[in-house]
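Trainee: There's a structure below that I have some questions on.
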């Protein structure tokens, strides 16, 4: 539930279901106050529905800090609803009425501290073991559910009629473990709780420490440092050694158990589960040890209440017969009895810094619960008290069960002369019936004294409550600041992560855009290459067709010309017969036609070879051009990735610096606030100590003034006592004088009687004068002695008080100095740890950057390697195919763009790198341009009449054919392939990285 909700508001359904809506005043009757504390009061009551006896703890949530009180009530109710164990108090419900919460629980007889209060002596070891065992079982249950009680003491360990031990008062409990609140009762508080805000968190082992202190309390009637101011006790616990059992009569098991519980370092302290296995609680003991103890205590309570009753009857009887002027021995006796009953008060009270706590360890509850948790005597449940206590505003009349039914009946054992009481049997039945409803181990005087102290010591309680409130407020401020800075840090980290993610997304989009651009460029280039190849092939075919037509026309002309020449030759040679001429002419024509057919076939073959060769060359050049383009695109993409990675790493370093600066600023802010809060806390502690010193001195002065005022009465009493002694002496002397006179008168003659009487009279007068002088001297000596003794006693008390207060002030200064040193050491440690974390984070970041750069470089190398390998495989496959088709690599790679431009206009422009890269990709140019197809043979064939010309022409054609044959291609390529392969494999990465293309020539 949010702390800002109004106190008592039930709008939140989670809160509303914690409380019953019935009117508690109609459900519970016969309410009798049986305990009191800063939280409110505890009442005995009957449940009208079931006639069950219950205890009701009334807690107001109005007035100052109402919201905090309301939150504490909610927390306690939630805690009680969560627990269910035989050794924890049974919760029955909670009701709301007029800004007061009625917390209903099972009724118990009283607390372990009530046992000490009644018997005025420590418990036996087996009794302590039994109580401790039950408390440990309850603590083990709480700790197993990550719950912490935080206020274990004898006053919060209750006992039931069957001897069951119950843990009670969960107003200080914590629902989470570990916790870090300043909560508990000072004398029982563990060191880590006192230093919670300064040194960190604590867990259920704080209850183990409190249990150890409780064992000391049960063994010595009060906890350690109980004669010290509560605030001073806190400082002492925080910085001094752990307490131990003082007496040597206790067993080694008990001593070891207490020492184990009171280990100063929590890590060395055993858990509640481990302590359940300790021999101190496992040793064999009578099962009825607690039942017997409770019965003895109930009997003692009955006797004490009977004694009070008899005193009251005696006072009333004396007033009725002798008037109110009866003082002396009875009064003194009553005072002595009062001292006996409240021995803890009188023996400790003068040194007790918190008078409200000076009753006994049980009432000693300036419980430092977080605020109203501070149930002073949250013997909440002791609540559960005994004989009927009839409350009338501030007066309390505590009646025995018998007296409730027979108010005028005297005790037959102490007043035998009184009238006969009703039959004993009926009285026992009545007593049993009332005990069944309101059995208790608390005396009426304890309840009355508790209420009176609560009314009187509000100033001290308010000071402690204010100190606890301040500590809790400081903790809230520090937690609020830490949460604020944590939120700021998370927001800053999210912003940086968002910036980094945005940059990465932008980079990814840029890379994706670049890849798509490259894909489009590659597709465009492939289409362009296909078109260029088609155009190139068409251009060569058109040129060859033109050359073929020209060649055929030339052959026709040559044929016609040759035919005419042959005719002329035949006409000139008249001697040859006509038939022979015709035969010779036909044969010449046939030879010439055959020669022309061969020439045409050779031309077509050469054209086909040339077309295939040039197309193969063109394809190879296109392949190399595509490879160059791929290299350019890959290089551009890799360079882009490198640039992006550099920018990303620069941003990571900037973000690291930004986070480092923010972390140091936050740490400085927290440490500065912590120092301010410690300074304010120390100032408050010093102010409280000085106020406490003034109050102690004021109380001592008031006491001395009262002693001085009461001195005349005391002197008058002593003077009357001396006067009485003098009167007794005078009476004795008078009797002696009369006896001597009678004796002398009998033994002396009658005529001498007058002289004897005169002499005796003078002797008597002289002795009375001496006695009067002694009386005056005794009075004067008594007056001077008493005044001197009073002055000396008061001066000694002043000196003792000053020394004690000075020691407490020095203890406070030492504690504060230690806290300051610890805070400084903690701050230095935090700065050192932050520097280590930052440097480690920087080293990890630099390592990550280095790894990413190495991974990027490896990726770059792998991309280039795989690209070049793929391109090499493509070139090799192309060259293998070319070799299979009969083309040599040398021939394919020895065509210069200039030579190519003669036969293919526009090709030279295409041969340039499409991406603007370096020009020459194709290896070595050819030695010279190819001969025009229109002049296949220099000089032409010889006239048909000269066969040598034809032979020469054929030999040239055959030479051309041999040069273009697969065998020749293989021979020319055999010497250069290894060299080319080597040139491809060298400096692959550097060439692409530097922007140069690889040529596979």
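Glycine is treated like the rest: Cβ placed from N, Cα and C.
As listed in Swiss-Prot for this protein:
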DOMAIN    28-281  domain 'Protein kinase'
BINDING   34, 35, 36, 37, 38, 39, 40, 41, 42, 57  ATP binding site
ACT_SITE  151  active site, proton acceptor
REGION    324-435  region 'Disordered'
COMPBIAS  350-370  compositional bias 'Low complexity'
COMPBIAS  375-388  compositional bias 'Basic and acidic residues'
COILED    458-651  coiled coil
REGION    567-586  region 'Disordered'
COMPBIAS  577-586  compositional bias 'Basic and acidic residues'
COILED    754-877  coiled coil
REGION    911-1001  region 'Disordered'
COMPBIAS  921-930  compositional bias 'Low complexity'
COMPBIAS  949-967  compositional bias 'Polar residues'
COMPBIAS  975-1001  compositional bias 'Polar residues'
Trainee: Can you give me the Cα-Cα distance between residue 36 (ATP binding site) and residue 151 (active site, proton acceptor) in Å, rounded to a whole number?
Mentor: 17
Trainee: If you draw a 10 Å sphere around the Cβ of residue 40 (ATP binding site), how many other Cβ atoms fall inside it, taking every protein chain shown into account?
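Mentor: By my count, 22.
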Trainee: With DSSP helix as H/G/I and strand as E/B, how many residues of the compositional bias 'Basic and acidic residues' (577-586) fall in helix, strand and coil?
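Mentor: Each residue of the compositional bias 'Basic and acidic residues' (577-586) counted once, the result is 9 helix, 0 strand, 1 coil.
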Trainee: Would you identify the secondary structure of residue 42 (ATP binding site) according to DSSP, in three states?
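Mentor: In three-state terms, residue 42 (ATP binding site) counts as strand.
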Trainee: What is the Cβ neighbour count of the residue listed as 'active site, proton acceptor' at a 10 Å cut-off, with all protein chains included?
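Mentor: A 10 Å sphere around the Cβ of the residue listed as 'active site, proton acceptor' contains 30 other Cβ atoms.
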Trainee: Sort residue 34 (ATP binding site) into helix, strand or coil using the DSSP assignment.
Mentor: strand
Trainee: Distance check, please: Cα of residue 34 (ATP binding site) against Cα of the residue listed as 'active site, proton acceptor', rounded to an integer number of angstrom.
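Mentor: The Cα atom of residue 34 (ATP binding site) is 20 Å away from the Cα atom of the residue listed as 'active site, proton acceptor'.
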Trainee: Measuring Cα to Cα, tell me the gap between residue 42 (ATP binding site) and residue 151 (active site, proton acceptor) in whole angstrom.
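Mentor: That comes out at 18 Å between the alpha carbons.
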Trainee: If you measure residue 40 (ATP binding site) to residue 151 (active site, proton acceptor) at Cα, how many Å is it?
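Mentor: For residue 40 (ATP binding site) versus residue 151 (active site, proton acceptor), the Cα atoms are 17 Å apart.
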Trainee: Including all protein chains shown, what's the count of other C-beta atoms within 10 A of the C-beta of residue 42 (ATP binding site)?
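Mentor: Residue 42 (ATP binding site) is surrounded by 30 other Cβ atoms within 10 Å.
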